[in-house]
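Features of the protein shown, as given by Swiss-Prot:
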REGION    2-403  region 'Carboxyphosphate synthetic domain'
BINDING   R129, R169, G175, G176, E208, L210, E215, G241, I242, H243, Q285, E299  ATP 1 binding site
DOMAIN    133-328  domain 'ATP-grasp 1'
BINDING   Q285, E299  Mn(2+) 1 binding site
BINDING   Q285, E299  Mg(2+) 1 binding site
BINDING   E299, N301  Mg(2+) 2 binding site
BINDING   E299, N301  Mn(2+) 2 binding site
REGION    404-553  region 'Oligomerization domain'
REGION    554-936  region 'Carbamoyl phosphate synthetic domain'
DOMAIN    679-870  domain 'ATP-grasp 2'
BINDING   R715, R754, L756, E761, G786, V787, H788, S789, Q829, E841  ATP 2 binding site
BINDING   Q829, E841  Mn(2+) 3 binding site
BINDING   Q829, E841  Mg(2+) 3 binding site
BINDING   E841, N843  Mn(2+) 4 binding site
BINDING   E841, N843  Mg(2+) 4 binding site
REGION    937-1075  region 'Allosteric domain'
DOMAIN    937-1075  domain 'MGS-like'
Amino acid sequence: MPKRTDIKSILILGAGPIVIGQACEFDYSGAQACKALREEGYRVILVNSNPATIMTDPEMADATYIEPIHWEVVRKIIEKERPDAVLPTMGGQTALNCALELERQGVLEEFGVTMIGATADAIDKAEDRRRFDIAMKKIGLDTARSGIAHTMEEALAVAADVGFPCIIRPSFTMGGTGGGIAYNREEFEEICERGLDLSPTNELLIDESLIGWKEYEMEVVRDKNDNCIIVCSIENFDAMGIHTGDSITVAPAQTLTDKEYQIMRNASMAVLREIGVETGGSNVQFAVNPKNGRLIVIEMNPRVSRSSALASKATGFPIAKVAAKLAVGYTLDELMNDITGGRTPASFEPSIDYVVTKIPRFNFEKFAGANDRLTTQMKSVGEVMAIGRTQQESLQKALRGLEVGATGFDPKVSLDDPEALTKIRRELKDAGADRIWYIADAFRAGLSVDGVFNLTNIDRWFLVQIEELVRLEEKVAEVGITGLNADFLRQLKRKGFADARLAKLAGVREAEIRKLRDQYDLHPVYKRVDTCAAEFATDTAYMYSTYEDECEANPSIDRDKIMVLGGGPNRIGQGIEFDYCCVHASLALREDGYETIMVNCNPETVSTDYDTSDRLYFEPVTLEDVLEIVRIEKPKGVIVQYGGQTPLKLARALEAAGVPVIGTSPDAIDRAEDRERFQHAVDRLKLKQPANATVTAIEQAVEKAKEIGYPLVVRPSYVLGGRAMEIVYDEADLRRYFQTAVSVSNDAPVLLDRFLDDAVEVDVDAICDGEMVLIGGIMEHIEQAGVHSGDSACSLPAYTLSQEIQDVMRQQVQKLAFELQVRGLMNVQFAVKDNEVYLIEVNPRAARTVPFVSKATGVPLAKVAARVMAGKSLTEQGVTQEIIPPYYSVKEVVLPFNKFPGVDPLLGPEMRSTGEVMGVGRTFAEAFAKAQLGSNSTMKKQGRALLSVREGDKERVVDLAAKLLKQGFELDATHGTAIVLGEAGINPRLVNKVHEGRPHIQDRIKNGEYTYIINTTAGRRAIEDSRVIRRSALQYKVHYDTTLNGGFATTMALNADATEKVTSVQEMHAQIKKS
């Protein structure tokens, strides 16, 4: 049946900011849905608070709202735009929860809006654990023994029935948030208390433990005529007990017999029928007991999910696009498969002739004190996917694509260490982020496959594969480079060994292995992902490498090509913002007639969508892999400055190998990154910098620190996201940093900078084409200097800086761009103190603020800069004027502290945010209030506020206290702060710090006395002492600020109404044109 004609306009709900458990796979699905529905002639309205997404680009929908995904705000959008239907299955758990709330509040009924893609009843039946259990029993499928609890008493009663260990999961949360495994009553009570708090319905599901069972997922698509297809089966390499988002997964499933696969296939279709999903994709998760084969259904998601993004990339079947078309009434047999050029209908189940491996990427090093063991609560921040012809090839490609310093199965422990075996056994039994490497170490240390299986419950089939790779490594180490004859080397390359890994084993440089391959003429061929195992011809160039005979790449000979290197797996400090820039580069250069080639290995992103570029190579972004693609494609230019640190690290080596790197030269990049060379440029331009020094030994550091003066910012050179960066307050602190945080040497110097306390930090994005400099935007940070720029909220235009100061910055940016010979994007960070401008750093590449600035000003900076790199000047493009919008845009960050209970949520020079939201308003206050609502912070307009500030903030705190009083707050203060306020005639209630006797601050927070807390600290001792305030505020959901500037911004926003007015991006940009 063709599409519905009773619907003219559709509202798509996005997923909001990137958090652990809900990443950019929903930008990928949302962008596909927008395209698919507009193709069919529908008017598309989109709401998503995350500016770093492709789907919020003004050309993706007819009306785009970068507004909080909150039912009251969405109600305003519905009232204004009057859509006929709402599609909630593209924006993850956020969108589903929002849609259910709109239904509950009667908004959909009030404005006559139909829900498409899923019914409220189907969502509820899948998400409500009790209804789901009943539904499964009805169709004869088994579920885990479980019970539901809404209070601690109920929970304990369920535990008595289910027994220990048991698994606790809160309802309606994402990525297992708040859940865990309890082995005893004490752990059980702790997890339940947290879970009840985090579930929006205060509901817990308590299950019997399935730890050690095998876990599988089926990606299913079903239409209203009951056509049902399995897009892909996915097997978890790690057994149950580790969240599927944190498990290594493999597609298609490797260890099922055909009979078991058919049983699971039929069961998953039965689940969709029973739940009532009839227009879209779902994923169904199963567990199998390896001892007796008992099969149970764990859960199903009635929406597009993380796994469906993986399944789409693994098979080439665009699940989100198909689901969007099914939602408006099409059936599978009416839709054509794009990848085969319409030679097959969408009702054909994809078949694949390769193996796909996904490995999660973790960032525990950012969270001191976090529990880094893997459990049922998701903790990974990104993932990498690799494709190979065998399990071994695909696994080894994924390992090197992860960018954690491994080129394959690099050893984690030295076997000479007497503790080695103990450590290996511990790591296998209680999995952390690196377990896969410890498995290889276990085989090196002489454990048998059975021995490893007993510790890990990982299927023996997978273990045998790894054991074989370890034995081959031993052979390479034994024979050395002279023993690598053509046949042996080909065998190793077929099993996925990287040149760099073989070089390490043979004790030579990587270049020597490459030379050897050239001698043997041993190079990879490229195979296509075509959904049909090469049964039909394909027009889509979606490729992966493998060492076989026949190459299917067929590169064009007569076209100018530009290759864009992507950013690899998401991680903190390098996220979706960089992917956004890569996509824009590809789109702009395609429009200009170039053939574009994308190289990336992140399955969640839009850049790895088969129709974003002309040609897609799904490969690790490493020197070896990139050089092999260049060998075949011979591009005219390669762009390295858009994918963050990943491709930048390769710039010099690529240039040395004769690859045409376009844009800012690798040498110029080095001039900005290398401290000494940069210093020369700054001196020549006579710019001011905070006093600084570069040191290569601890005693030298102590001497230099005396000259510069404390406090100091200390960090290793060449880092992204502020890794191992700290503020130190005295010599003892400095010595501790050198002993614990870094290994310093001539090759790895450490930088010392005078820390400008209380300075205002500013970010400037600009583009230079060699003749002129375009200022993209000047952003004033809300948190003062010392908080990593990626963790600070910021405002465009600036909300306190004078015009003169901004002009000084404009001139300095221009001088720097010419001095460093920038071609393309650059980002400069300044600090302003006592009306003086200090230069902090320059990055001659795309910065993470580019998408935000583009949305705020309407200038697509990444596209403009890509054209500059390809040789088109700013004047030719007609983009020469800095745009200062007639409204305020505020970017606010989203932090993952709720996933890491042991971590202090104090902001500092290490970046820890996972995502961002944007708020727009006529005043700074309104924009800031919207950004707060978008980032889910719970701001109360009145109540009792607690003030506890450091020495340096005591002058300004009086002004803040007066503002809070005027707003109607009652005030509490700790001793030192209370004295200062008392002198100014404000008399707060005095409260005890934790070590001053009870009732103390923590008691009062627990009793719910506060609606707002401001706590600023300086100095290691004070930070340790006050950590309990910040953790308690987070745990009991009290809005808190850890900087005074944040406090002032918050008080300004208290009087603004974040839900009163909604403005689309298209309307915003029209206002700019008028002004």
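Positions of Cβ are set from backbone N, Cα and C atoms, glycine also.
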(message) Same chain only, sequence gap of 6 or more: which residues have a CB within under 8 Å of the CB of R129 (ATP 1 binding site)?
(response) S146, I148, S171, E203, L205
(request) Filter the binding-site residues E299, N301, G786, H788 down to the ones within 10 angstroms of Q285 (ATP 1 binding site), Cα to Cα, kept in sequence order. (result) E299, N301
(request) Across all the protein chains here, work out how many other Cβ atoms are within 10 Å of the Cβ of Q285 (ATP 1 binding site). (result) 21
(request) For the region 'Oligomerization domain' (404-553), give the DSSP counts of helix residues, strand residues and coil residues. (result) 79 helix, 11 strand, 60 coil
(request) Name, in the order they occur in the sequence, the residues of the same chain whose CB lies under 8 A from the CB of Q829 (ATP 2 binding site) and which sit 6 or more residues away. (result) E761, V762, D763, V764, S789, L839, I840, E841, V842
(message) Using Cβ atoms only, which residues of the same chain lie under 8 Å from E208 (ATP 1 binding site) while being at least 6 residues apart in sequence?
(response) A144, R145, S146, V162, G163, C166, I167
(request) Looking only at C-alpha atoms, tell me how far I242 (ATP 1 binding site) is from N843 (Mn(2+) 4 binding site), rounded to the nearest Å. (result) 39
(request) Would you mind reading off the Cα separation of N301 (Mg(2+) 2 binding site) from E215 (ATP 1 binding site), to the nearest angstrom? (result) 16
(message) So if I draw a 10 Å sphere around the Cβ of N843 (Mn(2+) 4 binding site), how many other Cβ atoms end up inside it?
(response) 19
(message) According to DSSP, collapsed to three classes, what secondary structure does R715 (ATP 2 binding site) have?
(response) strand
(message) Between the two most separated Cα atoms in R715, R754, L756, E761, G786, V787, H788, S789, Q829, E841, the residues recorded as binding ATP 2, what distance in Å do you get?
(response) 18
(request) Looking only at the region 'Carbamoyl phosphate synthetic domain' (554-936), report the model's average pLDDT. (result) 93
(message) Just to verify: the residue among E215, E299, E841 with the fewest other Cβ atoms within 10 Å, which of the binding-site residues is it?
(response) E841
(request) Using C-alpha positions only, work out which of the binding-site residues E299, L756, H788, N843 is nearest to E215 (ATP 1 binding site). (result) E299
